[in-house]
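Chemist: Below is the structure I would like to discuss, written out as structure tokens.
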Amino acid sequence: MKSLLFGTPCSCAIFILVYCIITLFIWFLYTDNLSNAIVDFEYFSIKNLGELGKEAHLQMTETDLVDAQLQNEKYQYNAWLSERIPLKRTLEDYRDPQCLKINYSSEKTVTVSIVIAIQQEHPHTLLRGIYSVITQTSPYLLKEIVLVHDGHPDLDLIRHIHHKLPIVIQLEMESSKGIIHARLTGAGVATGDILVFLNGHMEVTRGWLPPLLEPILLNNQTVTEPIVDAISRESFAYRKLVEPEQLAFDWQLDHIFLPLDQHSWNSLPKPYPSSQLEGRVFAIDRKWFWHLGGWDEGLRDYGGDALELSLKVWQCGGLILAVPCSRVGIIYKRDELEAQMAPNRNPSLQVQKNFKRVVDVWLDEYKLHFYRYNPKLRNLTAESLDKPRDLRRRLNCKSFEWYRSQVAPQIRNHFLHAGLTNYPIGKIMPFVAPHFCLSIKGGFPVIRKCHSTNFEDWTLTSRCQLKHGNMCLDVDYKNNVRATKCTKKLSKNPWHYNYQHSSFVSNGNKCLQIDVNKVGLILSACDSDVTEQRWMFTKVQDFKLDHMRDICLSVNH
């Protein structure tokens with residue numbers, strides 16, 4: 001009997017070995033399945049909770065309250081409740097009925113890449129947004145969703161997306177480099193004709209994409225932005241914005257919201273020009289985005305990126321349209337709201353530096369008005385601005401004065417004239433001939449005897465031009481001083497008045513000099529000992545008292 005059960009000692013050893021191998025194989029297979037198990041993010045979901053964008057409320061135990069508080073501190077919204085709202089909840093159609101009558105030509109003509117950059121995003125909230133994109137977007141349009149995990153990725157989330165959502169391309173940053181850098185990384189991988197940037201806590205609504213694409217198909221230098229509604233941080237209720245608004249900014253770069261101009265209001269629901277992107281959700285032609293250089297690589301973490309891209313788009317030949325027939329709901333997180341706060345009120349030093357970069361590159365001489373309201377930012381150090389300035393010159397972008405006067409006249413009427421200094425206006429007289437004045441005759445600058453009227457008055461303009469009527473003093477490539485018709489573009493040879501030496505300086509360190517022999521003007525290397533380079537500007541004392549005599553010294557072209 002014993003031999004039948006175990007056989008020889010050799011047979012017994014073989015039996016034990018086979019048993020161990022099978023056991024180990026089963027154990028490894030089981031543990032591997034455990035480690036790669038797909039988390040069911042619908043485990044806690046309650047059917048119809050939050051359906052149609054309605055408020056969601058649940059009774060909570062003490063344990064639930066503690067858990068909810070911890071998650072709220074981490075994610076800045078009610079993540080506990082989000083776990084109980086279905087990932088594929090439906091929302092109402094919030095569009096104007098007129099939108100339903102519009103036929104769009106975008107389907108089957110372009111492809112779209114959605115770019116989402118996240119930092120420690122709550123998985124359920126992110127997935128709900130991704131599912132809304134997939135269910136509310138035509139498969140003919142949606143080429144891919146590029147999801148960039150900016151440091152500390154959630155492995156369960158990554159695994160779920162990998163197995164359940166093959167349309168999503170996931171990129172993992174080894175360390176957090178900020179949302180701006182993550183967005184640039186995602187855009188670099190995207191291959192669709194049009195890029196649509198979203199954030200990780202939003203939901204799109206029915207018919208949201210074609211209205212954003214249509215204006216871009218008509219003009220690929222158009223950037224479009226939907227009407228951004230709010231999703232409650234506490235109840236996840238979808239709250240429709242009652243009336244479209246115009247986003248603007250003041251001299252502190254704080255957001256202000258203005259009513260639409262009458263023409264835009266009467267044309268609703270047609271798209272209308274917007275002076276600035278809110279920046280959380282927008283669409284842009286991929287080639288045009290990279291033609292503009294994307295975002296300034298010197299912008300770190302977050303903040304200032306929406307303003308930078310807005311000014312870049314407008315000043316470099318594009319336009320921004322708000323699209324009422326496209327609606328997207330956003331959860332407004334506290335840190336994102338802080339990132340868009342005026343830099344003088346912003347607690348983040350990096351955000352302050354970001355805004356300073358934008359100001360120094362794009363606001364031209366008007367940056368001095370910004371510094372009057374934000375003096376502590378004047379002396380902040382920032383990385384080299386050579387690249388964004390070179391890009392601006394290469395693209396032949398327009399001046400901020402053009403933006404102020406042409407893009408946002410309504411905004412100008414509200415605030416862009418507020419706080420502006422009156423620039424010096426007066427006669428310009430050479431020290432060597434104090435009874436003579438600088439003037440223009442026959443299109444040429446001349447020195448002639450002064451009149452008692454204002455006929456010889458000159459203005460040192462906000463664009464650092466010496467202006468007389470509609471003519472400006474300019475310098476040609478041979479350093480000859482001439483008079484040309486003033487333009488709204490930035491001068492290649494800006495002028496400033498050196499109060500200490502009473503000289504007008506342009507074209508580097510060259511000074512306006514009277515040629516006594518020819519009774520004309522030349523441009524020579526500045527020399528404080530040369531009396532012919534000294535000029536009396538009759539209103540310069542008032543200018544000095546306003547602490548802005550160096551206005552053109554600090555302008556960087």
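Heads up, the Cβ atoms here are built off N, Cα and C, so glycines get one too.
Since the structure is predicted, the reported quantities are computational estimates derived from the model, not experimental observations.
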Chemist: Disulfide partner of Cys472 per Swiss-Prot: which of Cys464, Cys486?
Modeler: Cys486
Chemist: Using Cys526 (disulfide bond) as the reference point, find which of the disulfide-bonded residues Cys99, Cys316, Cys397, Cys437, Cys486 has the shortest Cα-to-Cα distance to it.
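Modeler: Sorting the disulfide-bonded residues by distance from Cys526 (disulfide bond), the top entry is Cys437.
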Chemist: Would you mind ranking the disulfide-bonded residues Cys99, Cys450, Cys472, Cys486 by how many other Cβ atoms sit within 10 Å of each Cβ and giving me the lowest?
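Modeler: Lowest Cβ count within 10 Å among the disulfide-bonded residues (Cys99, Cys450, Cys472, Cys486) is Cys450.
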Chemist: Average pLDDT across the region 'Catalytic subdomain B' (271-333)?
Modeler: 95
Chemist: With a 10 Å radius around each C-beta, find which of these disulfide-bonded residues (Cys316, Cys397, Cys437) has the fewest other C-beta atoms nearby.
Modeler: Cys316
